Amino acid sequence: MSSLTNPTTVMEEEEVPVAAPIRRGNKNPRRYSLVHQASCETQHHIGIRRQNTIQHRKQLTDQMREQKILQQLNDEGVEVIFAANDVSSIDFSVIVTSTDYISTFVSDILYNMKSAGVQICHVETRESKAVSGHDVLLDCRATKNQLIKAAELLTQNHVALTHFSIFSKKSVEKSQSMIWFPRHISELDQCSKCITKYEPTTDPRHPGHGDDEYIARRKFLNDQALEFKFGDEIGYVEYTEDEHATWKAVYEKLGGLHESHTCSVYRQNLKILQKEKVLTADRIPQIRDVNKFLQKKTGFELRPCSGLLSARDFLASLAFRVFQTTTYLRHHKSPHHSPEPDLIHELLGHVPMFSDPLLAQMSQDIGLMSLGASDEHIEKLATVYWFIVEFGLCKEDGKLKAIGAGLLSAYGELIHACSDAPEHKDFDPAVTAIQKYEDDDYQPLYFVADSIHDALAKLRKYASSMDRPFSVVYDPFTKSIETIQSSADLEKAFSRLSNDLSAITHAADRMKISITA
């Protein structure tokens with residue numbers, strides 16, 4: 001699954017011998033990217049949370065006698081009160097604002113909070129920037145009823161109160177700890193929900209629209225992919241002669257650009273794949289045969305899926321060195337451009353690069369960084385992935401060469417990306433993560449790494465800046481994820497590392513003996 005989906009008129013890229021001009025203002029992008037999908041998911045979740053808060057605010061009206069407080073209370077405050085209970089106390093912060101004298105204001109706060117049974121742990125005051133008055137910040141501990149009573153008393157007894165906000169002291173940690181993510185490779189069965197964007201059955205702009213034979217074939221392959229579960233043997237697919245012909249056309253067309261436009265890592269691994277007859281021009285390779293090769297090289301494997309997944313599910317799969325892969329091919333009418341994920345893109349774009357240990361590690365690192373991450377961080381990681389793993393460039397011998405699979409499998413855009421037409425920026429994950437993605441036509445901007453090693457080093461530095469209440473480690477022996485939150489977790493991780501270092505140290509000592517002998 002390369003995250004390429006597009007509802008626009010398909011471009012015949014084989015007819016574009018030079019870089020195409022960049023057009024702006026097109027409401028229908030050439031492809032719905034992983035970036036677009038992550039953004040949509042973020043907005044969807046924001047909408048759900050907003051609707052929940054509205055509902056919770058309505059429900060709290062029945063529990064609170066003083067309605068004025070609900071009018072002033074912030075959305076997070078509504079959720080803090082709603083989630084609290086009358087048995088255990090919670091820690092929270094309060095910011096209240098008043099136009100009264102500060103001494104009177106603080107006195108009223110302390111009196112009413114104490115009357116309600118609220119424990120005050122910390123108090124700060126400052127001049128208010130919003131009104132002519134003062135803000136008071138309090139760190140508190142209370143039960144739900146105590147919190148509601150304190151809010152009602154203060155609202156009733158301090159008429160100059162203009163603002164009342166409540167914040168959970170551990171809202172970020174709590175929300176992230178509640179985000180589910182797979183802990184074992186078998187749980188990727190729960191990360192295979194396809195997000196349909198661009199189908200020949202519904203979109204007249206799809207090259208296969210109206211082609212009943214192509215539609216039926218695509219459905220057959222997608223249905224097979226949907227049935228796949230962890231532990232199943234990947235089935236043998238009997239591809240048609242038309243599909244083999246489409247594969248061959250793309251394979252041979254791109255071959256003319258390999259030496260001039262692709263990075264040395266890609267060329268080296270492609271030659272090995274060709275030498276071992278994993279990839280040949282005449283026949284579409286079987287996924288299970290490709291997996292045998294990848295497992296020996298980097299431990300990566302392809303898993304059948306039926307199309308574009310959610311950004312969170314797709315990135316989570318990478319954490320286990322699993323790449324979710326479509327099994328259908330683009331329509332034969334448009335062989336040199338795929339506006340959606342298809343098998344040609346996966347095999348010719350991703351497989352040679354996943355054969356490289358550094359690129360494989362970088363992909364897995366992005367996946368590990370995504371586990372339990374907030375929607376905001378998922379969107380940033382999807383953007384980083386898109387701009388470097390899908391459409392990244394590197395410098396070799398003073399020339400721009402493609403490392404991104406989206407470029408390596410698209411003839412016209414490969415030429416465009418390496419030309420002087422678009423803007424090129426040095427790859428910096430912190431900058432890349434917030435770069436707006438545009439794809440009205442060919443992209444106007446590409447990021448360039450000095451090397452794959454350089455990109456990996458920068459990515460790991462960026463990972464250290466991510467705010468997550470836990471760390472994760474992948475155990476390749478059990479194919480599972482371990483979370484590190486305590487010293488006991490850390491000790492377990494160090495124990496495994498110590499065993500590896502012991503073997504390396506022993507090997508180094510043996511080499512010293514051989515050299516001196």
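Note that Cβ sites are derived from N, Cα and C of the backbone, with glycine treated the same way.
In the record from Swiss-Prot, residues H345, H350 bind Fe cation; the candidate from E376, E379, E390 listed for the same site is E390. Counting other Cβ atoms within 10 Å of each Cβ, the binding-site residues H345, H350, E390 show the lowest value at E390. Under DSSP, E390 (Fe cation binding site) is assigned to a helix (H, G or I) in the three-state scheme.
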